Amino acid sequence: MAVALGFEGSANKLGIGVVRDGEILSNCRRTYITPAGEGFLPKETAQHHREHVLSVLKEALEGAGVKPQDVDVICYTKGPGMGAPLATVAVVARTVAQLWNKPLLGVNHCIGHIEMGRLITGAKNPTVLYVSGGNTQIIAYSRKRYRIFGETIDIAVGNCLDRFARVLKVSNDPSPGYNIEQLAKKGKKYVPLPYCVKVFDLHINIGLGMDVSFSGILTYIEERIGKLKKDGYTPEDLCFSMQETVFAMLVETTERALAHCGSTEVLIVGGVGCNLRLQEMMGEMCKERGAKLFATDERFCIDNGVMIAHAGAEMFKAGVQMKWEDCTITQRYRTDDVETVWRDD
Amino acid sequence: MKGFDLMKQGAEARLYVGMYLGKPTIAKERFKKAYRHEILDDLLTKERIKAESRAIVRCKMAGIRTPTIYLVDFNRRIIFMEYFTNSITAKEMIENQSQSTDKTLELFSLELGKLLGRMHGANIIHGDLTSSNILLFNHMQNLEVVLIDFGLAHIESNTEDKAVDLYVLERALLSTHSIADKLFDKILEGYRAHYKQGSKEVLKKMDEVRARGRKRTMVG
């Protein structure tokens, strides 16, 4: 039995959760929401996390019904992410680890998403599409590592959608992506937008991967927003066209990875992953190929503490220990840098 | 499709084999993707059919043997092109050691290098150079090498794309064949000899590409 406490704060979500051998005991979250037209900046985001971290911690422990002495390991997001928010939350994790005299583990944020997705959905060895505000990767597991089959060469798909929301002055509450999704449902007219996938060699022996790019489509919209509106495209039409285009890029790349790896499972994780249109399109592709789609809802797709707790617990059970001086944070931390000692396949 | 048999289904297209105007023919159909918006699907498919046919025609003009295009049918989303009936893939040739002496392997590598040199000289990037996409025939007397599958090809003059093109081939050979380094040296020899103006820069760039791979440090 291992009880793990997890802290997440790499972006604008502050999450703390408790997990006991894959059973979720609590999953608490606060989101820093900025006014429409604005994004979140490191300093203010860190401030938000500082303000709420203690009350969320209390809530998580009480919700789980565990006392500090019941906790076996404390886990926190080591990276990747925004420096100031990461550091804020890491300081709290380090402090409670010392206060309660518990081992401390720094967890790769992306690994947290993948392991959480596998836990919730039961997917065994899926090809993973990880899509969020900071990351866009197509990942396949091979020989003790989550290997990146394709990724964005510039901005993440979630970042593209967030900034698109700012152009349209769409509200950030509860999240820009959610509001775009609702608007898109009412969109009818499709306007063709730049579609950019690029084939690339991989460092694994599975042939060619496929990368995506989202900065061009954003610039395209930013430069033409006035004209598009004058031409009769409503914000709803633009949201619809945006989603149809970027999601098609993601599904095409995932399909290529699926074909190469001969995999029969697709798992979508990350904040953008709770978009139902993306899930629908991916499901359609899977149906054509005879594959199975696994996805989760906003509780586990969007950044949360319990995913860090769960991935940390897997590491802990596999015997991973981290020296105190290694328990730092890093803004850059690749998914394929982590050896997955807890996976034996 | 009447008179055509399905040979292979990839992520993007289905390949059929049959006869067209009395000639053995491959029909490459980029089938509709149900998940994609219809307008986007049509646009992408049309663009890709055009890019593929254009690259094939350009190769032909540069003196590279490629499948002859018989018909491009945008409505049915099919390219009909020459099917090489008595050919083998480079992959089969390299693996079948009994058939391929050191001498033939060397000849093949030089010839392939020559074609790639010409191709890059004409600013054509193949995009998917693997030993399954290289065909050979008449290999006893007069060795002829043919490049196929231009589905990912594009026209580009910069050295980066050419270097990546070669790098893809090197990786593909290394991952599937044990004698890859020997082959690749000869390929580069042929490449240099037939792409005098640009090969030096491309090969220099290739060292860079090798060193960095495609790793990008990522920000959360």
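Glycine is no exception: its Cβ is also placed from the backbone N, Cα and C atoms.
Copied from TrEMBL, the annotated features are:
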{"type": "DOMAIN", "residues": "A:30-309", "note": "domain 'Gcp-like'"}
{"type": "BINDING", "residues": "A:His109, A:His113, A:Tyr130, A:Asp303", "note": "divalent metal cation binding site"}
{"type": "BINDING", "residues": "A:Tyr130, A:Val131, A:Ser132, A:Gly133, A:Gly134, A:Asp162, A:Gly177, A:Glu181, A:Asn275", "note": "substrate binding site"}
Sort out for me which one of A:His109, A:His113 has the most neighbouring CB atoms within 10 A, since those are the binding-site residues we care about.
A:His113
If I restrict to non-local contacts, at least six residues apart, and a C-beta distance under 8 angstroms, what lies near A:Gly134 (substrate binding site) in its own chain?
A:Ser10, A:Ala11, A:Pro80, A:Gly81, A:Ala156, A:Gly158, A:Asn159
Near the Cβ of A:Tyr130 (divalent metal cation binding site), how many other Cβ atoms are there if near means within 10 Å?
27
According to DSSP, does A:Tyr130 (divalent metal cation binding site) sit in a helix, a strand, or coil?
strand
According to DSSP, does A:Asn275 (substrate binding site) sit in a helix, a strand, or coil?
coil
Under 8 Å by Cβ from A:Gly177 (substrate binding site), counting only residues of that chain that are 6 or more apart:
A:Gly158, A:Leu161, A:Asp162, A:Ala165, A:Gly271, A:Val272, A:Asn275
Conformational class of A:Asp303 (divalent metal cation binding site) under the three-state DSSP mapping:
coil
If you skip the near sequence neighbours and keep only those at least six away, which residues in the chain come within under 8 angstroms of A:Ser132 (substrate binding site), Cβ to Cβ?
A:His113, A:Ala156, A:Gly158, A:Gly270, A:Gly271, A:Val272, A:Gly273, A:Asp303
Among A:Asn275, A:Asp303, which are binding-site residues, the residue with the most C-beta atoms within 10 angstroms of its C-beta:
A:Asp303
Listed binding-site residues (A:His109, A:Tyr130, A:Gly134, A:Asn275) that sit near chain B [CB under 8 A]:
A:His109, A:Gly134
Output field, divalent metal cation shell: CB within 8 Å of site CB centroid, site A:His109, A:His113, A:Tyr130, A:Asp303 dropped:
A:Cys110, A:Gly112, A:Ile114, A:Ser132, A:Asn135, A:Val269, A:Gly270, A:Gly271, A:Met307
